[in-house]
Amino acid sequence: MSILVVGTGYVGTTTALVLAELGWRVTGLDTDDSKIKLLQQGSLPFYEDGLEALLKKHLQSGNIRFTTKTVKAIEQSDLIFICVGTPSQQDGSADLRYVKQVAMDIGRHMNGYKLIVNKSTVPVGTQEKVTRWVLEAQTRTHPFDVASNPEFLREGKALPDAMYPDRVVIGASSDHAAKLLKALYQSLKCPVVITTPKTAELIKYAANAFLATKVSYINELAKLCDKLGINVKEVAQGIGLDPRIGSSFLQAGIGYGGSCFPKDVSALLQTANEHDTELRLLEQVISINRAQHQHLLHKARQRLGTLVHKKIAVLGLAFKPDTDDIREAPAVNIIKSLLDEKAIVSVHDPVAKLPPELVHVSVTPCNTPEQALYGADAVFICTEWKSYQHIDWERIKRYMNDPNIFDGRNMLDARLMAAIGFHYQGIGYQC
Ligand code: UDX
């Protein structure tokens, strides 16, 4: 089978590389010329551990190539993965214009049977829409199937997640399509769920919304823990050992961000609205998350009296460690609030860059955490980068104007920080 992956963003590039690693011949297609050039030269347009080495390996093995030539790429492929973006629209629903464009391109240029597979996270019913768009665009009748095969990989762990998935979900419209996709993944040792396309589409949203719910649940509990002087980490450990609950996604903090959770929970709500169904739990999950970063600001305001003209060091911009992604990152909202309150901000992140919206006279990007912390009245930890654990906090304390740590990710040892002489507050966690 000759495989085409349309869209060389995060999911597309990872999918293409993992399929190349599994031994398939893969072409990555994108309309963005600069992205394709970069990939052809063996560089990634984003940061992800381990992926660049795989890219170089398979450019050399010949298992992967990249192109901007749509017509030829479609003609030469048997199986086409749609991995283009599905951004949120104003009302929270997913914008399918890029998916539609790809479906129409395939319809127009197909020259024989094609298995078209949606890997982008798309609303329930998209498989039917793609089928319609392909049919509408066809100039000559050719047989095809459209399947749904959602991707569950996490940023920062893309490679292990895609190489060793917990499950593969295949929503197929025919036995033939299911068989082809099963064969594609046969060397992955994991359960395969074969179901209808609609079910597969919902599974993806249901999984992300459930994980987001876990995060908002522990964040709510953390608020109570703060009031009761209880350590939320111990509560999470105590409940997480029950296998029915599970210990993952119970880390309290300043809220979830990224390109998936916020977008997908909103899109699921939107789908429910369209079908006259209220998902009140998920409405709360969203509103809890939107307000979550305010806790850190509130704690700082209480401690410092005011944030006006205070020098605040923000450690971490990315929505989570091991990525340079700042989409929906709580740190961005925190910095915006700090600026509204006339604070002076110094920011460090090991890889993420300050977005244009935060370029401001009162925001100084720093190359090292030490530089950001120099003379600060408080530090806000917004991303739990491992390197922040190795900061010489004892030494740094001497260089801060006022040794206050507001740990939005509960990553430092509260007792140790207090012993050093810091005023330390986490989220539902203090000394
Ligand atoms: C998520 C899903 O995990 C993945 O399966 C899906 O394919 C895409 O969306 P990702 O967005 O990369 O992956 O990040 P993830 O590791 O799930 O974290 C999401 C957000 O939740 C981050 O902002 C993280 O900091 C936050 N989080 C996670 C918590 O606040 N507490 C937790 O316990 C776990």
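Every residue gets a Cβ built from N, Cα and C, even glycine.
Listed by TrEMBL as binding NAD(+) are Asp30, Lys35, Thr86, Thr121, Glu155, Arg327; the candidate from Lys223, Lys263, Lys386, Lys397 that the record includes in that site is Lys263. Lys204 is the residue from Lys100, Lys198, Lys204 that TrEMBL records in the substrate site together with Phe152, Leu153, Arg154, Glu155, Phe249, Leu250, Gln251, Ala252, Gly253, Gly257, Lys320.
Neighbours of Gly257 (substrate binding site) among the binding-site residues Thr121, Glu155, Lys263, Arg327, defined as a Cα within 10 Å of its Cα, are Lys263, Arg327. Largest Cα-Cα distance over the residues recorded as binding NAD(+), namely Asp30, Lys35, Thr86, Thr121, Glu155, Lys263, Arg327, equals 24 Å. Every protein chain considered, the tally of other Cβ atoms within 10 Å of the Cβ of Ala252 (substrate binding site) stands at 28.
Same-chain residues at least 6 positions away in sequence with a Cβ under 8 Å from that of Leu250 (substrate binding site) are, in sequence order, Lys214, Val215, Ile218, Ala236, Ile239, Gly240. Here the binding-site residues are Arg154, Lys204, and the one ringed by the most other CB atoms within 10 angstroms is Lys204.
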